[in-house]
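Got a structure for you, questions after.
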Amino acid sequence: MASVIESAWQYLITHFSDFQLACLGSFFLHESVFFLSGLPFIWLERAGWLTKYKIQAKINSPSSQGKCIIRLLLYHFGVNLPVMIFSYPVFTYMGMRSSLPLPSWRVVLSQIIFYFILEDFVFYWGHRVLHTKWLYKHVHSVHHEYATPFGLTSEYAHPAEILFLGFATIVGPAVTGPHLITLWLWMVLRVLETVEAHCGYHFPWSPSNFLPLYGGADFHDYHHRLLYTKSGNYSSTFTYMDRIFGTDIGYRKLKASKSAEIEFSSEQKKK
């Protein structure tokens, strides 16, 4: 398997420059993973499939879904792509490379874990700041236009927010100067995580059912349903920051209440 990956990587670095791979390649990979993972949730809503796993009964209209897609393309080409291009010198200065040999799985794994921890910390505070009155009204309210989120709404946000919270995602790689393949893996995992968190469905196979402190769709959907001053649940991937600072109390109380209702109903049926 390692030799196959190395051969494929050798082909890439032979036919494309570092700049092309780091900027255009990263953009193409992001767009592919984002839309391929996010679009199915639009189809699920429209077709009414798997509704028993849908967190909210409300569905988004085709026009609102179309508006989301059009604006996403504008944001991605108008904000994301230029950021990738202009940040390239910073990443290369910090040591990012694309040449062989590829890093060992231990190096890749340790860097990815570090990125998740750092991103959760930075994102939590940035997100919490965006829920102050002025910033919510003028910036973050764009993201909350969709009180019933679906996968693609994960990146639907004001351009200022894209730059502000995007810093949380790139600060780890910028500090460590990873191999480009590590950066790509981090980007793929982060995109899949945020799409899942906004998908609007809580499946039996959802990661939050298996990974401790993983937020997921149920956790983040609660954040979208409530008013900005009372929502809490500001975390990105893992929820330890909300737990430490008590900003998930409302969510935990709701979950406890639902569990008690289910237990009571089960006992009544047994009687």
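Yeah, the Cβs are placed from backbone N, Cα and C, and that goes for glycine too.
Found this in TrEMBL, in case it helps:
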type	residues	note
TRANSMEM	19-44	transmembrane segment
TRANSMEM	68-88	transmembrane segment
TRANSMEM	108-126	transmembrane segment
DOMAIN	113-247	domain 'Fatty acid hydroxylase'
TRANSMEM	162-187	transmembrane segment
Between the transmembrane segment (68-88) and the transmembrane segment (108-126), are there three or more C-beta pairs closer than 8 Å, counting only pairs 6 or more apart along the chain?
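No, since the transmembrane segment (68-88) and the transmembrane segment (108-126) share fewer than 3 Cβ pairs closer than 8 Å, they do not count as touching.
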Using DSSP, break the domain 'Fatty acid hydroxylase' (113-247) down into helix, strand and coil residues and give each count.
90 helix, 4 strand, 41 coil
Within the domain 'Fatty acid hydroxylase' (113-247), what mean pLDDT does the predicted structure show?
95
